[in-house]
Amino acid sequence: MIEIEALTKTYGGRPVVDGVTARFARGTLTAIVGSSGSGKTTLLRMINRLVEPSAGRVLIDGKDVARIPEVSLRQGIGYVIQGYGLFPHWTAARNIGVVPTLLGWPRSRIKARTQELLHMLQLDPAEIGPRYPHQLSGGQAQRIGVARALAARPEVLLMDEPFGALDPLIRRQAQRDLTRIRRQLGTTVVLVTHDMNEALYLGDAIAVMRDGRFEQFGPPEDIVRAPATPFVADLVGETGRALRLLALKPVGTLLRAGQAQGDPVDAAASLSDALAEMIWTGRDRLPVVDGRGQGLGIVTRDDILAAGRQAPPA
Amino acid sequence: MPRPRIDRLSAVLALPLLAAPALSAFGLRPNRIAQPQALGWAEAFGAPTAAALAAGTLLLVVALLLLRRPGLRMLLLAAALAGLILMLGRGAAILLEQAAPAARVSPGLGFWLAAGVLVLLLVDAFARMQPGPAPRAALLAATLAAVAALLGSGVLADLSVAAEFRLRAAAFHKATADHLVLAFGSFLAALAVGLPAGLAIQRHRALRAPVLNLLTLIQTIPSIALFGMLIVPLAWIAAHVPAAAEAGIRGIGMAPALVALFLYSLLPIVANTVAGVDAVPPAVAEAAAGMGMTGAQRLRMVELPLALPVILAAARIVLVQNIGLATVGALIGSGGYGTFIFQGIGQTATDLILLGVLPTVALAFLTSAVLDLVIASFRMQPP
């Protein structure tokens with residue numbers, strides 16, 4: 001768990017991060033969204049002390065990071081940046097092994113860990129491992145950057161616009177990979193992005209940042225359904241809010257008992273995908289199956305439409 | 001029938017190459033400081049051989065115009081160059097047999113012209129093969145071996161520079177040692193000071209401008225003036241610090257020359273160290289810090305390796321510059337090849353001047369070629 005307490009950074013008297021307090025739960029991904037200059041990167045860099053706070057503090061699992069020596073703190077936190085910053089004079093394998101090397105792991109263990117990570121990221125160790133960064137595609141370089149950050153099994157992973165340099169198709173794949181790896185490892189992730197769609201897709205929690213403060217901090221559904229300020233509403237977009245909401249929830253949340261005709265939909269698919277399927281095939285209910293194709297029940301059009309409706313005023 | 005395509009560089013150089021056999025091949029002097037008398041190939045070998053040489057040159061030019069494969073061109077040119085040098089040595093021997101005992105024979109304009117054109121075409125042919133570091137190293141080694149064989153074989157022993165060398169072999173070896181100490185010693189000292197200084201001002205931006213401006217100012221002082229300026233403070237140190245005097249520090253001699261060359265070496269080393277580390281991509285520097293490298297680890301594992309090609313480029317500049325400038329040190333008694341040059345100027349003895357100039361040029365060329373190779377082999381690895 002990461003706790004941020006009244007965290008402030010001023011440059012020349014001007015606050016860039018202005019008294020932010022928040023708590024990022026263990027094993028979750030928190031996406032910090034904001035435009036450039038909002039202070040989101042500075043906030044991130046105060047967690048691994050690449051920037052020292054002017055006031056306030058950061059606790060990781062209850063320990064004040066200011067009391068942990070810089071070097072060992074950073075070796076224990078994964079860090080992925082835009083452009084990846086791979087060491088151009090080292091092979092992909094050596095790049096991945098950098099933190100274990102700094103930690104003094106034996107060579108055989110570093111090699112085994114490197115191979116394991118390359119497999120996990122669906123890269124062939126024999127083919128990709130010996131390549132230099134300039135011989136890698138953008139998507140491969142991005143995955144090497146993630147593998148390098150995960151090499152020493154950090155509990156916390158910080159990511160600064162990790163997908164910013166990828167084209168849309170590869171970006172979606174990389175985002176899926178991140179979700180998969182995160183579920184597998186249970187790592188706590190803090191991710192900085194300027195892209196609200198990315199934040200909604202990846203985040204368990206979303207912090208919208210502006211002028212050094214959190215305008216709103218909460219689960220994606222709250223951000224879409226009840227934007228706290230006009231700025232947040234603007235970022236989410238007035239139109240299509242219902243569809244965004246439906247995109248956040250899986251079909252499994254609206255299961256009913258019953259029978260339906262035609263091709264089934266996976267319980268993990270989003271409600272928006274199920275709705276699109278209904279419109280396309282002219283049905284008002286779909287059979288729902290689990291990952292192994294086992295029938296679970298049905299999902300109905302009316303339920304989906306209700307789930308996308310504005311919350312009734314309290 | 002397709003028109004044969006003519007090699008352009010050969011076409012440009014055909015005229016001087018064709019003219020060369022008609023110009024003087026040798027300069028014959030009755031003694032080492034007399035004015036040379038220009039002699040052609042015919043005077044040494046007779047008219048038929050000279051005519052054959054001219055015909056051979058014509059054939060060579062035609063072949064060069066039509067042959068386009070670089071490998072074949074290189075073979076042909078190397079053979080022609082070897083033949084030319086052998087004829088020079090043989091011709092000198094023939095001419096000396098007929099001349100007075102103190103007479104000297106040196107290469108004439110025609111020889112220099114032909115040799116220059118052949119070397120130029122040879123280098124061009126080699127460059128067209130776009131060689132990697134390994135073939136370049138091989139060519140360098142082959143050239144060195146050929147030069148060593150040529151000097152060792154005695155083929156050129158009758159040339160005047162060789163005669164001059166025989167007179168001063170001991171002094172030449174001493175000069176070589178002094179020259180190497182001057183050029184490489186000052187470089188190593190500048191590296192020991194300049195590298196840390198460059199790293200320091202790369203980190204502390206405020207110091208950059210003053211340090212680089214000061215070093216640039218030093219660079220603008222003419223070498224003779226700097227050698228002269230150092231006499232006074234070093235003489236004072238020698239007079240007041242006994243230990244310094246015992247270590248050989250005096251107002252003239254090796255010490256001021258070493259100091260001056262050291263000062264000239266600083267700017268390229270410091271400036272390139274700054275530029276090399278500056279060129280490390282910001283994302284790479286940030287990643288190195290973010291991964292938890294200490295300052296020393298960042299320097300050793302990331303910054304220095306990435307800056308190395310730029311720093312090596314500075315080493316090349318400095319060494320070539322020092323090898324040349326070290327000759328000026330002879331004016332204040334530092335020793336080195338400059339000694340021969342200034343003595344030769346004083347005596348109007350061209351051979352003595354050449355005895356200083358030729359090894360200086362050869363040393364500078366060799367150093368530059370070796371460092372080019374080292375830099376190229378680093379560039380082969382990414383980035």
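Positions of Cβ are set from backbone N, Cα and C atoms, glycine also.
Unlike curated records, TrEMBL annotations are generated automatically.
What TrEMBL records for this protein:
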DOMAIN    B:176-376  domain 'ABC transmembrane type-1'
TRANSMEM  B:49-67  transmembrane segment
TRANSMEM  B:74-96  transmembrane segment
TRANSMEM  B:108-127  transmembrane segment
TRANSMEM  B:139-159  transmembrane segment
TRANSMEM  B:179-199  transmembrane segment
TRANSMEM  B:211-236  transmembrane segment
TRANSMEM  B:248-267  transmembrane segment
TRANSMEM  B:306-332  transmembrane segment
TRANSMEM  B:352-375  transmembrane segment
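For the transmembrane segment (B:179-199), the list of distant contacts is 211, 254, 257-259, 261-262, 264-266, 269-274, 277, 299, 303, 311, 315, 318-319, 322-323, 326-327, 329, 334-338, 359-360, 363: same-chain residues at least six beyond its ends, Cβ to Cβ under 8 Å. Contact between the transmembrane segment (B:139-159) and the transmembrane segment (B:49-67) does not hold: fewer than three of their C-beta pairs are under 8 Å, each pair 6 or more apart in sequence. For the transmembrane segment (B:248-267), the residues of the chain that approach it from at least six positions outside its boundaries are 178, 181-183, 185-187, 189-191, 193-194, 197, 212, 215-216, 218-219, 223, 226-227, 230-232, 234-235, 237-238, 241, 318, 321-322, 325-326, 329, 332-336, judged by C-beta separation under 8 angstroms.
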